[in-house]
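The following features are taken from TrEMBL:
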type	residues	note
COMPBIAS	404-415	compositional bias 'Basic and acidic residues'
COMPBIAS	586-631	compositional bias 'Acidic residues'
COMPBIAS	632-655	compositional bias 'Basic and acidic residues'
DOMAIN	459-561	domain 'Small-subunit processome Utp12'
REGION	389-415	region 'Disordered'
REGION	585-655	region 'Disordered'
REPEAT	115-156	repeat 'WD'
Amino acid sequence: MAADAGSSTLQLPCVFSPKSRQYLALCAQDGRLRIWNTDSKTLQQEYVPSAHLSATCICIAWGPCRIVKEGPQRKKRKSEAGQVEEKADLLAMGTAAGSVLIYSTAKGALHCTLDGGHSGGVNCVQWHPEDSLLYSGSDDTNIIEWDLQTGKARSKWKADRAAVTSLCVSPDGKLLLSAGQIIKMWDLDTKEVYRKFTGHSSAVTTLRFATTRPPDSNGLYFLSGAAHERLLSVWQVREDGKDKNSVVSFTLTDEPKHIDLVASNSKEEAVRLAVVCKDGQLHLFEHFLNGPCKKPFSPVCTVQMSDTKDSPAPIPLLAAALRADARSVLLAYGNHLQPVMEKVEINTAERHVCLTRDVQTNLSLSMESTVSKVKTPIVNAKSRVLVPGLPGHQAPVKGTSQGSEKRKKDTDTKEMSIAERLGEIDLSTVSTEKGAPKGTASLQTDNFAVLLVQGLESNDANILNKVFQTRKEMVIKKTVARLPLPAVLPLVEEITKRLQGHPFTAVLMVRWLKAVLMHHTSYLASLPDLVTQLGVLYHMIESRVKMFHKLTKLHGKLYLLMTQVATSDSSNTVTDVDHTAKLVYEEESSDEDEASGDEGLPDDDDDSDNWEEEEVMEDDKEEPADEENDDPDSRTDSKANGEEDMEHGNESEEE
């Protein structure tokens, strides 16, 4: 029967193959399926689904081992024709897009895709132990029974009001357990509910049958684990139907992530259980299931792993598989991208066991022996390969080479020293400023990449300062793009250190950080401990962003003050105007003003009319004289005389 990986969407699936435990299948953060050989501890196969980023793999289940000579399974096992040995082949993967992928390890390719059935993400998949059937539960609250002979759904039914988070088929293939928050047992012949079990307050993530006895014998037990619960509950299927509560519970240190068990075939045989919790610890249980027990059981033995450093840090366990030997356990630990597999003999007489391992040494050994997909051609020393050389990597110019020589370990070409390369950088800066002649050597972008790697490895501040002083965006982008992946993280750490320094240096480092994030974000996202490694950079950027808001407010206030000062200065300059008049008009006395006021008053007397006529005649006589006299004072005098005459005329009228 397939090993259930636990169907929580927060956990990455990791499952050992059934029976022989020869393979370990897991999906890492990058969405790729990797199958590791537990015997040779090497990467056996790697498969990248077409939508591995948008439709990530949520759950994995191995199909049951098959023998080729069985007739109905010939379609599934045709790649192993002629073999009698049982071998795990098919692997079912439930995705967040609602489809189920069937992968064949024998063919090393996708066997088929089961889609069109679910409208939500597939949380759990489970194989039928005998027939070529597969069951899947989804967020759309439905269960689908798939026929792998046709690749289509045989039946579909609504299982719960909430999402179906876990499934398990009984060893005889007649019953199916499904769970959301309520555990239901279904009769697979009629697709009707056989029993219901309630008791979990959160979504059930794990269901496993603990015994192989029939349901009508009071000897059928199964266990369940839920999210955010630190225990495993054991349920008994009773004949009288009085099975509402769990009969046994096993205490854990965290919620269960991976479970492997050896089922009990009779009352005299104990159930062996290995539970890997979310905190990375392994708990081993051994118990005889023969009725209810009120007291919860603690583990027989708890296993932890740590590294060999001065301040040891825990190493998380990913999965565990029980061997035929009672004391032997197969462990997978480390991270999902590069797990370490090991068979361990555990002394169960001790309640707590702590294993110390050097993960880096194990990783380096396994990485050397893994299957490499890159083939390096073997080149003889005498042969000439006519390919364009990398810029900046050719040896000193000779008569016939013309840059076709490549930097290789087996060639005898003399490499340039670091001092010469630094000299080239100085030459290139001079040539770009003043315009160098054609014959001088100019620094290529690839030199920057090589120098940057050497500076990061040797931690040479002189080299790093030379490289980081460049301001050209294109040079920075090409340099970062040509960096090897192991040098990306040291570069980010160096950028983080320099960002904390002088603001002038921070301006230059922001350009490099931008280029790193543009080219290597996918690699950084695949690192398991990225949060701890980039925590300093994140907190520094966050603190500066908070300060930026305050600085923006201060800048706005200062800008207002400066504009007000500028406007006040401009208003003061307006007062300094030349007050000398261009034209001045003066009046002699106030009597003249009164006379000019009386001049416009109308009179009905005939004398005044006569006076006006006489006045006109006098004005006509005076006009030639005024035209000859340009002095304005003379005009004002004549006008004043006329006004005086008018006043004498008024006095005579009154008399």
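We count from 1, first residue shown onward.
Each Cβ is built from the backbone N, Cα and C atoms, and glycine gets one as well.
Just so you know, TrEMBL annotations never went through curation; they're auto-generated.
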| Which whole-number mean pLDDT does the model give the repeat 'WD' (115-156)? | 92
| What counts of helix, strand and coil residues does DSSP assign across the domain 'Small-subunit processome Utp12' (459-561)? | 86 helix, 0 strand, 17 coil
| said: Is it possible to list how many residues within the repeat 'WD' (115-156) are helical, extended or coil according to DSSP? | reply: 0 helix, 23 strand, 19 coil
